[in-house]
Amino acid sequence: MSDWLFDLGNSRFKFAPLQGDRAGDVQAWAHGAEGMAGQPPHSLPSGTTAFVASVAAPSLTSAMLDQLQRRFEHVHVVRTSAECAGVRIAYAKPEKFGVDRFLALLAAAKAQRPVLVVGVGTALTIDLLDANGQHHGGRISASPTTMREALHARAVQLPATGGDYSEFANDTADALASGCDGAAVALIERSAQQAHALLGVAPSLLVHGGGAPALMPLLPGADYHPSLVLDGLARWAVHQPAG
């Protein structure tokens, strides 16, 4: 029997075996939580313990937990705490801090260096962690994908997808891609500058999330870590009391 990690996001459901204090090979359902009910039972693993993180709607989270409870002896759902694995969250009310951001910080803290953690999903999240595991707070904005969708919803003639980044675009699709990606990059760069001023040292830049690959060419020196949240969930799992 084995232990598994499950990450239910707003757009994707990912899972991987727990291997030491990290995630093993990751599997993903790109269609997200809504498609879980249509998956055949053998699509999900079974084992001893399931460690679960979810930022999805309560109804979808409940549906996932129902399936996992049929396949695992124990199911543990992560909640953000003020301190875990040497990481101390800056929020006065840690329960208000998103569990995906919390787990990303747990994974990032393993390197024991200042780091700016950037998540690019439905939202763009930016969090600063120092070398001692102290979280210094962060920012939340719309991701480029969400910006495009919002513009299209208000002005249907503006395409929700397509286009390539250009510093000065000469067509609408490219201008939209450039503006939305550029806005995200500008916020990340501003955060990195302010982090340097605060800590006295430039933090490394760690990027994760489904929208991250589109931004990586615009962020020289950044590291892309697609399994960051699952790796953080693994660290959370191994720091739980036995039993």
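The backbone N, Cα and C atoms fix where each Cβ goes, and this holds for glycine too.
Annotated features, as they stand in Swiss-Prot:
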type: ACT_SITE; residues: Asp100; note: active site, proton acceptor
type: BINDING; residues: Asp7, Leu8, Gly9, Asn10, Ser11, Arg12, Phe13, Lys14, Thr122; note: ATP binding site
type: BINDING; residues: Tyr91, Gly98, Val99, Asp100, Arg101, Thr172; note: substrate binding site
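On the structure: features taken from Swiss-Prot.
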residue: Asp7; record: ATP binding site; DSSP (3 states): strand
residue: Phe13; record: ATP binding site; DSSP (3 states): strand
residue: Tyr91; record: substrate binding site; DSSP (3 states): coil
residue: Gly98; record: substrate binding site; DSSP (3 states): coil
residue: Thr172; record: substrate binding site; DSSP (3 states): helix
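Among the residues Tyr91, Gly98, Val99, Asp100, Arg101, Thr172 said to bind substrate, no two Cα atoms are farther apart than 40 Å. Cβ neighbour count for Asp100 (active site, proton acceptor) (all protein chains, 10 Å cutoff from its Cβ): 27. Ranked by CA distance from Thr172 (substrate binding site), the recorded positions Asp7, Gly9, Ser11, Asp100 have Ser11 at the top as the closest. Looking at the residue listed as 'active site, proton acceptor' and Gly9 (ATP binding site), their Cα atoms lie 8 Å from each other.
Counting neighbouring Cβ atoms within 10 Å of each of the binding-site residues (Gly9, Gly98), the lowest count belongs to Gly98. Val99 (substrate binding site) has a Cβ environment of 21 other Cβ atoms inside 10 Å.
Gly98 (substrate binding site) sits 13 Å from Thr122 (ATP binding site), taking the Cα positions as reference. For the ATP site, whose binding residues are given in the record as Asp7, Leu8, Gly9, Asn10, Ser11, Arg12, Phe13, Lys14, Thr122, the maximum C-alpha distance rounds to 16 Å. Of all the binding-site residues listed here (Asp7, Ser11, Phe13), Asp7 has the Cα closest to the Cα of Tyr91 (substrate binding site). Looking at Ser11, Thr172, the binding-site residues in this record, the fewest other C-beta atoms within 10 angstroms of the C-beta turn up around Thr172. In space, Thr122 is the closest of the binding-site residues Ser11, Phe13, Thr122 to Arg101 (substrate binding site), judged by Cα positions. For Thr122 (ATP binding site) paired with Val99 (substrate binding site), the C-alpha to C-alpha distance reads 15 Å. Taking CA atoms as the reference points, Gly9 (ATP binding site) and Val99 (substrate binding site) are 10 Å apart.
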